[in-house]
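Visitor: Once you've had a glance at the structure underneath, I'll fire off some questions.
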Amino acid sequence: MTNSLFRQSFLSDTLNMQQSVEAKATTLSNGVRLQLHQRGVLEVIPANNSAETKNIILSSGIHGDETAPMELIDKIVHDIETGFQDVQARCLFIIAHPEATNAHTRFIEENLNRLFDEKEHQPSKELVIADQLKLLVKAFFDNTPVESRWHLDLHCAIRASKHYSFAISPKTRHPTRSKALVDFVNHSHVEALLLSNSPSSTFSWFSAEYYSAQALTMELGRVARIGENELERFTALDLTMRDLIAEVTPEHLPKPAITYRVSRTIVRLHQDFDFRFDDQVENFTSFMHGEVFGHDGDKPLMAKNDNEAIVFPNRNVAIGQRAALMVCEVKARFEDDQLVYD
């Protein structure tokens, strides 16, 4: 058996900040090549790499305390190393922010998932990470066919949700809502798919906007510590990710996700800002048309559509940052291989 790249495992070595991590590589007996570029960044290259090969980024840990995705990725990497997991796609596995993970917090100085646009940002530990990740994405996707590029950025939600798992499709200038991507969501038994209506500054948006990748931010359950995640609830997702890496069609039946459009983004404009509900309210809690659910300065925050629902409410964001998304359920269809709605 080939010597492992890791002292313990991809995840354990990434989080062990007492040990240095050196760039190194190995080739397995099946011809699959593993290249550890830096702490938390592993490239896996199939034996038969070609122009037809998918190029897939599977990222986790953009928020340090969202650990379920790290555990899922770690198990896949382990099974690749042992030869149990077939590899036909070129993959980049990322555990992004081990310092925050070890501190059991989302971030140290700045929300990393707000730093992937081209705006000027204040210096921070997270800005250094964002800049490194941008370079890694560029290097990974350079000289690859556009249609081969995928990016699944895996997260967990802070609060409970009426949908235990959901995915967000970023809004870009490119055709990044393919039927293949939606089929992946449905086979993963992800309960809801949100279609963003404006550009953002997230990691998945960056890959979709600048590299035309089929990209999603995927929210998997709630934040928990390593070893305390309900990974059995993500069996369908795990199988579907593994099938994607092996480039085979899933054998299990899909479950169509409920599709939502983002109707608007609530941005905090004033110091005097609050919601009328407590922090226990679930994502996708809906309101009647005209129902007031908060205020921003002297302006009431109210539902502008019947059954308009709130996602990611956060009363504590800084002025100028997103305080919530408002979403409405839609009937979607495919047009020229792209998911659209009327």
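Placed from the backbone N, Cα and C atoms, the Cβ positions cover glycine too.
Sharing the record's features from Swiss-Prot:
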type	residues	note
ACT_SITE	E219	active site
BINDING	H63, E66, H155	Zn(2+) binding site
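Each of the listed features needs to be described in terms of its position in the shown structure.
Guide: The Cβ of E219 (active site) lies under 8 Å from the Cβ of H155, C156, A157, S161, S165, F166, A167, I168, each on the same chain and at least six residues away in sequence.
Around H63 (Zn(2+) binding site), a 10 Å sphere centred on its CB holds 22 further CB atoms from the protein chains shown. In the three-state DSSP scheme, H63 (Zn(2+) binding site) is classed as coil.
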Visitor: When you measure from the Cβ of E66 (Zn(2+) binding site), which residues in the chain that are at least 6 apart have a Cβ under 8 Å away?
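Guide: Those within reach of E66 (Zn(2+) binding site), by Cβ under 8 Å and sequence separation of 6 or more, are S60, R106, L154, H155, C156, V223.
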